[in-house]
Amino acid sequence: MSNVYVLDHPLIQHKLTYIRKKETGTKDFRELVDEVATLMAFEITRDLPVEEVDIQTPVVDDAKAKVLSGKKVGLVPILRAGLGMVDGMVNMIPAAKIGHVGLYRDPETLKPVEYYVKMPSDISERELIVLDPMLATGGSAIEAIHSLKKRGAKQIRLMCLVAAPEGVRLMQEAHPDVDIYLAALDEKLDEKGYIVPGLGDAGDRLYGTK
Ligand code: URA
C-alpha cells in the first residue's frame, strides 16, 4: 500500500482509542476528533515546500528564516462527517480556503450522488486535502475526488481517521495519484458497510443524531 501513510504517533493513537470507545459521548468525541485532526495536520503537511527569506529579529538585521512557499492549501470536507475535522486542521493552517462536497447514496443504485459542491475559484492552484473520518467502501471519497478533478484540481490528498482495506484498494484503483493519510487501517468492512472494529457512524457520533 505504497501511497498510504498510517500516522502512528502515540498521541494520535491514544486519542483514537477514546474516539473508538462506545462509551465516549458526543462532546468528548467531537473534541477528540478535533485534536486528532490537528495532530494529523502536522504530519500531512510535513512535505510542504518552504523557502528561505531574510528577516530582522530584535537581535540581528540579517537572519535567514523559512516560510511556506508554493501551493496554498485547500480543505475539502465531505458532508457531513468531514466537517468534524475542519476546525482541527484550520488550527494549524489558518489561511486555508475551504470547499464543501455533499453526497448522498441513491437508495436504488447505492451509488453516491452529488447534491452540493462549492469550491474556492483557484482549486487548480491549491494543494487540496479531502477530509472524511471514515474510508469504508470508498464510494463517497472516490466520487468527491472525481468531482474535484472535473473542476480542475491537480494535487489532492485524502485524510481519514480510519479506513478499511477494501476502501483503500478501490481508492488506489480509482485515484492512484492521491496519497492517503490515516490514523488507522482497520481489519475489514462488515455486511452493513461498517468498518471493523471502527468507531461506528462518525456523523451520528459527532452530531449526536442517534
Ligand atoms: N461510515 C461511518 O461513519 N462508519 C463506518 O464504519 C463506515 C462508514
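Cβ atoms are placed via backbone N, Cα and C, with glycine included.
Where the annotation comes from TrEMBL, it is an automatic prediction and has not been curated.
The domain 'Phosphoribosyltransferase' annotation in TrEMBL covers 6-209.
According to DSSP, GLY138 (5-phospho-alpha-D-ribose 1-diphosphate binding site) is assigned to coil rather than to any helix or strand. Sequence-distant neighbours of GLY138 (5-phospho-alpha-D-ribose 1-diphosphate binding site) (same chain, 6+ apart, CB under 8 A from its CB) are GLU166, GLY167, VAL168, ARG169, LEU170, MET171, ALA174. What TrEMBL lists as 5-phospho-alpha-D-ribose 1-diphosphate binding site is ARG80, ARG105, ASP132, PRO133, MET134, LEU135, ALA136, THR137, GLY138, GLY139, SER140, ASP201.
Spatially close to ILE195 (uracil binding site) yet at least six residues away along the chain are MET134, ALA136, VAL162, ALA163, ALA164, ASP186, LYS188, LEU189, judged by Cβ distances under 8 angstroms. In three-state terms derived from DSSP, ILE195 (uracil binding site) belongs to an extended strand segment. Positions annotated as uracil binding site by TrEMBL: ILE195, GLY200, ASP201, ALA202.
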Among ASP132, ALA136, GLY138, SER140, the binding-site residues whose C-beta sits under 6 Å from ligand 1: ALA136
Entry from the binding-site residues list ASP132, ASP201 having the most other CB atoms no farther than 10 A: ASP132
Closest of GLY200, ASP201, ALA202 to ARG80 (5-phospho-alpha-D-ribose 1-diphosphate binding site), Cα positions, binding-site residues only: ALA202
Those residues of the chain, 6+ apart, with a Cβ under 8 Å from that of SER140 (5-phospho-alpha-D-ribose 1-diphosphate binding site): ILE78, LEU103, ARG105, PRO112, ASP132
5-phospho-alpha-D-ribose 1-diphosphate binding residues ARG80, ARG105, ASP132, PRO133, MET134, LEU135, ALA136, THR137, GLY138, GLY139, SER140, ASP201: largest Cα-Cα distance, in Å and rounded to whole number: 17
